[in-house]
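Enquirer: Okay, handing you the structure first.
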Amino acid sequence: MEMLHIWWLLFATCLLKVADTINPFAAQQNPDPCYDENGAPKRCIPEFVNAAFNREVQVSSTCGKPPSRYCFVTEKGDGKGRVCQTCDASDPKRAHPASYLTDLNTASNMTCWQSENFYHTPHNITLTLSLGKKFEITYVSLQFCSPRPESMAVFKSMNYGKTWVPFQYYSSQCRKMYNRPNKAVITKQNEQEALCTDGHTDLYPLTGGLIAFSTLDGRPSAQDFDSSPVLQDWVTATDIKVVVFSRPHFMRELSGRDGREEEVGFYYYSVGELQVGGRCKCNGHASRCISDKEGKLVCECKHNTEGPECDRCKPFHYDRPWQRATVREANECLACNCNLHARRCRFNMELYKLSGRKSGGVCLNCRHNTAGRHCHYCKEGFYRDLSKSITDRKACKACDCHPVGAAGKTCNQTTGQCPCKDGVTGLTCNRCAKGYQQSRSPVAPCIKIPAVHPTAVVSSTEEPTDCESYCKPAKGNYKINMKKYCKKDYGTTLNLCVIVLTLESAVLHSYYG
């Protein structure tokens, strides 16, 4: 009785909720429930709704085509009365369509779906409800306009009706009907399994009887639901299916007669309200569900998440793995740290673990001549311009190392100094050092200037200016130029320079022309 009272309260609460709003997924009031007063992310969940409200239910049987006679029993004092009527699908006043299962009902105006009479062809009756997206189900309830069935099974689908798993069984004969024990003990080992109970299977009341199934009632991990992936999966459903099994023995009791024709009108089922209480599944990252451009119900995701259930991180927010939000942690998705030099990244679990579970993002295709996991240093051939921030598009400058004078293309990341070959100097290794001169070899572009030791002077005259320019090296360092070499012999000119040289001076003469 206590359980029944609880479910009547849930039933009434849900009706009030539906009556207060036409759209059960109406926008939440500001401020955003997914963030606190300081703008920090926090767990948020959509409002609790009757997910079945105004949704279409596929039924395997509905009376009225053709019109048929049905009867029900009314209790009058100590006695019972029998009332018979006609179900006619063509007459709105006498029709009992499937839409009555999920419409708005009140105590004074209860509309009831009704099956065909099945006296001649006994069969099970199936009600199938598609929720349109994943919901986390709290309860499933049916209020009957006819007597409740002796056996009934509730199934759920998590993949839009492709496959079904049992959710709950009801029967006065659990072992015989479903090969399940009656009221089995729930433990952590079986808390994700469907149970069977003989509760709510009594013949009476003849009308208004309720069958209500609580998805978490008695489940050991329910108190710590946020930390139980098993129960989170258990309560998740996209579709609900109810299979009502015909009760072969009670009809004669109701009719009070032995004649077959008198019994026929009592062989049917009628349900006034099918409710599925729960919340749009958004994994703690959305406060409401909305319709997308295609009319499909989706979560309005926050915390840098996306997907119909906010079940993955948005692109570029892979610095830590996606997690469901909890009361203690919002577990928002974090952007990769790429210093504004990359648009894509990926998650690396090994790096995440090595960082103490703080950061696992790896930047992809670093731009602006940067490189590294975070695009945090300059790629080969470039160095940091310390006058600019690392996030600046021009944070890296080209090394411009001389193709002949430098020993490589990589320069010092801080100073920009290129690695020079022996005898070469300059930031980009573009000139010979003091005491060195340019050679004709790209391997050793600068060689030491040979020492000059003159032995004797045969004759001496004042050297003309053109002899000065041809025979003496220019002052200062030589700038390496691969396109210009000494190709002519300027040892003798019209103005003869008579100089007696040693062997070393002859070698020097060959380099300077």
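Note: Cβ is positioned from N, Cα and C throughout, glycine not excepted.
Unlike curated entries, TrEMBL annotations are predicted automatically.
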Enquirer: Quick one: which of Cys420, Cys446 does TrEMBL link to Cys429 by a disulfide?
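Expert: Cross-referencing TrEMBL, the cysteine bonded to Cys429 turns out to be Cys420.
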Enquirer: In angstrom units, rounded to an integer, how far apart are the Cα atoms of Cys399 (disulfide bond) and Cys418 (disulfide bond)?
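Expert: Checking the Cα atoms of Cys399 (disulfide bond) and Cys418 (disulfide bond) gives a distance of 7 Å.
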Enquirer: Which ones are near Cys418 (disulfide bond): of the disulfide-bonded residues Cys411, Cys432, Cys446, which have a Cα within 10 Å?
Expert: Cys411
Enquirer: So, by DSSP, how many helix, strand and coil residues make up the domain 'Laminin EGF-like' (399-448)?
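Expert: Per-class counts: 0 helix, 12 strand, 38 coil.
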Enquirer: Can you tell me the CA-to-CA distance separating Cys429 (disulfide bond) and Cys401 (disulfide bond), as a whole number of Å?
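Expert: So the Cα of Cys401 (disulfide bond) lies 6 Å away from that of Cys429 (disulfide bond).
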Enquirer: Measuring Cα to Cα, how many angstrom lie between Cys446 (disulfide bond) and Cys420 (disulfide bond)?
Expert: 11
Enquirer: Calculate the distance in Å between the alpha carbons (Cα) of Cys411 (disulfide bond) and Cys401 (disulfide bond), and round it to a whole number.
Expert: 7
